[in-house]
Structure formats: C-alpha cells, structure tokens
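Asker: My questions all concern the structure below.
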Amino acid sequence: MLPIARLSVLVRSAVTRSARTSAAPLRVQQPGRLSSNQFMLTAESLRSGSRLFHSSAFVSDKVPFLLADIGEGITECEVIQWFVKEGDQIEQFSKICEVQSDKAAVEITSRYDGVVGKLHYKIGDMAKVGSPLVDIETGESSEPVVADVPSAASPVVENAAAAAPVSKLSGSKKLVPFLLADIGEGITECEVIQWFVKEGDRIEQFSKICEVQSDKAAVEITSRYDGVVSKLHYTLGDMAKVGSPLVDIEMEDESSEASAQEEIAAAPSATSTPASTTNAPVTSKKNENGEVLAMPSARRLAKETGVDLNLVSGTGKDYRVTKGDVVNFKPQSVVGAVRRAPANKGEILATPAVRSFAKERSVDLGLVSGTGKEGRITKDDILQFINASKAAPARPVEAESPKAEIKVAASSTPASSDDTVKPLTVIQKAMFKQMTKSLSIPHFGFADEVILNATSAYRNSINASLSKQPVHGVKKITFMPIFIKSLSLALNEFPILNAKLVGQESGDVSQVKLQYRSSHNIGVAMDTPQGLLVPNVKNVQNKSIIEIAQELDRLRESAKKGLSNADMSGGTITLSNIGTVGGSYMHPVIVTSELCIGAIGKTQRLPRFEMVRDASGAVSEQVVAKEIMPVSWNADHRVVDGATMAKFVQLWKSYLENPALISAMTK
C-alpha cells in the first residue's frame, strides 16, 4: 500500500506528463487533501494505467452530522462534553463530543473533513438519535467529481464522470457499498445469521439490514442511507470481515441538487411568494409508485421534522421538492396540513417493540397510518404522528353544558406551591424502561444464608500475601471477587442459569429457544454518581480471583468518569451487593437478557447452634458465633424450575463455606 503523500505525488506527476503531451491545453487543480474514496480511485487508476485529475468544479457543502443509532434501543443521549467549537477545523475521526446514554458514555467522532458550522446542542441537552449534532462545512461537494485525463487525440472535457468506489449508474443514480463497521472489542469478523432485506428492497436510514454474530454478542446492523438494495455480498452463515461491503445500495445522486438550486435562483418567480403566505395548490410531481419526487436530502429533512412531502410545493427541476422547500414550508399555509389518520380497519400491523413505544407515549395506533411493508406501523410513523399533533392548530372548544363544566372543575386538584416537577435523568429513564420490561418476567424467588467464617479466613490469608507481594497491582481484595469466582464455578454445573431466551419477541412459543452462553460475563451492580449501573466482568471462567479483583477496580474507577458501552453490554448473570448500604433480604429484578440474579445482604455476627465434640469424643450441641450473610436469588420461572434454582444456590454456597474447593476447582 502506497503512503498518502506518495500517492499525491504520483497523481500530480501523471497529470503533468499528460499535460505536456496533450495537444489540447489542460487546466489542473492543485490536489489538496484527498478523501478515502479518491485515494481508492487513485490507487486503482495507477495500477490500471489510467491518469486522473481533480475537477475544479467544487461546491461548498454544509453537511448535517447526525447522531447515529448506538444500539440497544437507545433513542436519546445527554451531551456531556464538546471537543470542538464553531469555526474549528476538523478531520475524519476527530472527536466531536461525548454523549451519555442510559448505558454508557460514548465519544462521537467525525466522518468528514471540514469546518464546524453550528453546534445544535448545549452541554446538558438531550440529543435525539437521528437528529443533527453539528453542521460541517466540507468545502466540496458531497461526491467529489473526478474526470479522466484525455489522450492527445481527444478533446478536453471538464467535469466528466468517471468510475469510482461510489459507482455512477444510468440517470441520477449511484451505487454505494455499505461496509461492516468496527463494532469494537477487537472483533475482526462476524457471522451473518439473519438478513432483514433482499435484493431489490427499498430501505431508509436506520432500516435494519442484517444481524451478525460475533464471539461476544449478536448485533443488528442498520442502514445509513435511503435507497434500494442492489446486492447482498454474503449468504447466511458466511463470515463477514470488518471493513468489507455487506450490501450495495443504489441511491439517488445528490450532485445534481446544486444545479437544481441554481435554476431556482435564476427563476425569481418561483421564490418570490413565500410558502407561508399563499394558498396556491401544491405543485409537485409523483413517480409511478405514487411517491412525491424529492431530493434525498429533502426526504431526510422532512422525515426529521415531521413534514408531509405531499403538502410541499416543489420548486426544483420537474417540480422536485428540494431541501429549501422543506425548510420554507409552514404547516399553517395549507388548510388541514395536519390530519389525524383514519382508524385502521382490521388488525393493526406493528411489532411488539413499536406497540410498546406507542404505549409509552400514549399514542393510539388506530390513528396512525403505517408506511412500512404491507402498511406496518414503524417508530418513525409514531414520531411523525406526535410531531404532527404538536404542530396542528388548536381546535375551537365547543360549548359544553354547565353540568360538564362543573364536573371538570370538581375533578381538578391544584398543585401545591411547594411542589416541584423535574424531568427524569438519563439513568432514571433507563431504569424506568428496563424495570418495566423486566417485570413482565415471572420471577421465582429463593433465599438462604451463607456462613462466611471460612471465606473470611481464606480472604485474610490472600490479603496477607498481597500485602507483602502485590499481584497485578492488587494489594488487597474484598469478598466480591471470591463470590464472583465461586458463582462461575457453580455455572459450570448449571449452565441454564447462564443462558438466555431467544425468539420470544415473535410471541410463538415454537420459535422460542435457549441460547447457552460459554462466557460467564457476571454483572455487578454499582452505586455511582450517575445512579445505579451494572457493568460486567467478562469471561470470569478464565480469570483468577486476583484478576477479577483487578477488573473490579478498573470498573469502579471507570464508573466515576463514565463506563463504556462494552463494559455495560453482554452480561449473562448479575450479582448485586445491597449489604454495603444495609439490609438483609431483598427481591432483585432480573435483567431482560438474563435468566437469574442474586443479591447479597449485610453480613452479621449471629448466634447459631453447632455440634461440638469434646476431648473425650462426646458430641454436644452448643451456641457459637457465626458470620452470617443472607442471600436472595430470583430466576425466570418460565424455564428455570425451583429444584434447579435450589441446587445451584446450594453448590455456590458450598464453595463459599469450603473455599479450598475454589482453589481446587480453578483451572
């Protein structure tokens, strides 16, 4: 692979030689910073013998940089830090900001080179997934124009289209390879386990494309583009490499939008009357599928702002709706611009996730028009319905009978002047959603107590050794690493407690299966400044007690600044230590992707009966002091029966009361 600087020199040299040998004069722009697409094209052309130059026809382009979907159903994040300010020069992979979701803190990096035009949020604001974070002025058209250098016998033609990684198709189409992005944790390849699309399907931004399985977790991949699926590069079961194309997507070429805007500027009559002050009929054209002709950027903006393109007059070429038309559109300019959709007849088509989404927002699905396949209602449909309802002018209140007015007045209760209303924090919203889902699981409870005298002596012996010779920087351990390691040993004998249910979303019990997970990723509930968080220690089955203690120390330090998404995801079973703040027994709530959770209460020195043998061999019953730790366990009773739960807890308890077994069983 040639270095970037060397490629630039080769391109300039090739162009200069061509200019000296061409019969016709050739104007060449000084190459600046090349985009990744241009480098791929340049390298390919140098191998094939073609000679290329950059066209001088560049149009300054302001690109809205959207907050991408960061998975796990997260719809909004709090902006907690900006790394840039308006006017800053940035490059690809420059850090833009840090956002805090209900799972973790994530740093957002740029996909573009350019200048920061506008920050759409302040620190502390809630940014919606799919909405613009910043505007970036890239200084060139969204698709740089590259032209072939003609031979001496050919006339010079500027701005001619050439082959590129983003392939130009006939008309105003282009072919974009959609790459498998880096999903973290050093993963280099994933198995394709499900396709949600097929060749020829029309997709939009955030449409699900496929599901891939890494050695850590299953991840759903969503689209960044609007277009038509042209080619699937893998079949089910294939291993897809990170950075390689998953699908090819055929898109409308927005490079023609600039010329359309020029035509608008040249025709004053098209813009002399603002949309908000005219009641002229809507002038726009539709394609053979009944869709309004619109630029892709206009469709995206309309989707983000909840504007119905059927109500917008197009001022572009062939009455195509442009981004400017959407910006200038005013809902009040058209009578009845916001309408409630008629109630759907028959069964309402919507996934369980969409139904839950609508229920949380008190939206009647019978009033929402579905735009998905076969009229299926999507989350976007619900969001557009909500936005339309907010934008609709208030209807005049009809006169009511005095009786009705008295009834309303009697039912209203004035709020106390001392009351305050505050929005939920990010963590509280996460708890609200998670606990609502978790309480649909039928919990089976099991409680017991563990005698910790032997474990206490075992821990003291380890700490005595560590005080003299620390291992991996660990000088002292708590009880928790021992609890976690003994839990992993018990899971070896009862793997069902480490499994998860898959296929239950369908509602068809014949599709529900148990996925037995080989990794013991044990979650530990932590009380942090942000609230209750549950990161997990990965692959406990392969770690020693000292290594577990080291990882717990790292997670505690990270929790003060903000845990990563990797720390928060992938848990298989959870252990909560409520004893640090008091309390004996509790009712822990199962995480939806798990089948079991345990809670540890406060350890106390309590009297217990014990059989004691004296010097003569006689056995008598005596009262002795014991260190007693109460434990509470809950399991998903749909697949875990009471006997299995009891045996599992008794095995875990036996390791703690006989810690020599922990050392003996550890590989």
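One-based numbering along the chain as shown.
The backbone N, Cα and C atoms fix where each Cβ goes, and this holds for glycine too.
Any TrEMBL annotation is an automated prediction that lacks curation.
What TrEMBL lists as compositional bias 'Low complexity' is 257-284. Per TrEMBL, domain 'Lipoyl-binding' is recorded for 58-137, 175-250. What TrEMBL lists as domain 'Peripheral subunit-binding (PSBD)' is 293-330, 349-386. For 253-291, the entry in TrEMBL reads region 'Disordered'.
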Asker: When the domain 'Lipoyl-binding' (58-137) is classified with DSSP, how many of its residues are helical, how many are strand and how many are coil?
Answerer: 0 helix, 40 strand, 40 coil
Asker: For the domain 'Lipoyl-binding' (175-250), report the average pLDDT of the model, please.
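Answerer: Computed over the domain 'Lipoyl-binding' (175-250), the mean pLDDT is 84 on the 0 to 100 scale.
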Asker: Using DSSP, what's the helix, strand and coil tally for the domain 'Lipoyl-binding' (175-250)?
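Answerer: Within the domain 'Lipoyl-binding' (175-250) the tally stands at 0 helix, 40 strand, 36 coil.
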Asker: Could you give me the DSSP helix, strand and coil counts for the domain 'Peripheral subunit-binding (PSBD)' (349-386)?
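Answerer: Per DSSP, the residues of the domain 'Peripheral subunit-binding (PSBD)' (349-386) fall into 23 helix, 2 strand, 13 coil.
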Asker: I'd like the per-state residue tally for the domain 'Peripheral subunit-binding (PSBD)' (293-330) from DSSP, helix first, then strand, then coil.
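Answerer: Summed by class, the stretch gives 22 helix, 2 strand, 14 coil.
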